[in-house]
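Record features (TrEMBL):
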{"type": "DOMAIN", "residues": "1-126", "note": "domain 'CMP/dCMP-type deaminase'"}
{"type": "BINDING", "residues": "N42, I43, E44, S45, A46, S47, Y48", "note": "substrate binding site"}
{"type": "BINDING", "residues": "C53, C85, C88", "note": "Zn(2+) binding site"}
{"type": "ACT_SITE", "residues": "E55", "note": "active site, proton donor"}
Amino acid sequence: MDKRELIKSAFKAKEKAYVPYSNFHVGAAVLMEDGSIYTGCNIESASYSPTNCAERTAIFKAVSEGKRKIKAIAIVGDSGYTYPCGVCRQVIREFGLDAIVIIAKSEDEYKEYTLEELLPYSFGPEDLNNAKK
Ligand code: THU
């Protein structure tokens, strides 16, 4: 996996952030199982709650193109190391229980986690499948 390339893609996506309310720019790049990369930025709304985080923009682009399995995701934001919000952690979990999450400050300065570290004891698709009917 080329982590530098993934981080670079996230920085490029961050430039597209639509953030007239927070002015907080975030970019994400998701590497799917087949090697494809999808990028996303955060997109805000005048009514605030429809705001979509960069991570979910990238993941939803991938999923809507038929990709289902996340290998890794790189996240960059305005606050040094920018960690994914709880909602995005849950969405990463849906498509990447084994995903590597890269939180980057620059192409050379990054921290790496497993999704499991960021969202331990998670609830996911298997729980619904295993439910007693
Ligand atoms: N945001 C993201 O895009 N990803 C994160 O991981 C944290 C928060 C966005 C949402 C909103 O547009 C802005 O950052 C401030 O919360």
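Counting begins at 1 with the first residue displayed.
Glycine is treated like the rest: Cβ placed from N, Cα and C.
Between the listed binding-site residues, namely N42, S45, S47, the fewest other CB atoms within 10 angstroms of a CB are found at S47. Look at I43 (substrate binding site): DSSP puts it in a strand. For ligand 1, the binding-site residues lying close by, meaning a CB under 6 A from one of its atoms, are N42, C53, C85; the full candidate list was N42, I43, Y48, C53, C85. Under DSSP, the residue listed as 'active site, proton donor' is assigned to a helix (H, G or I) in the three-state scheme.
In this structure the alpha carbons, written CA, of I43 (substrate binding site) and C53 (Zn(2+) binding site) are 7 Å apart. For the domain 'CMP/dCMP-type deaminase' (1-126), DSSP puts the residue distribution at 38 helix, 33 strand, 55 coil.
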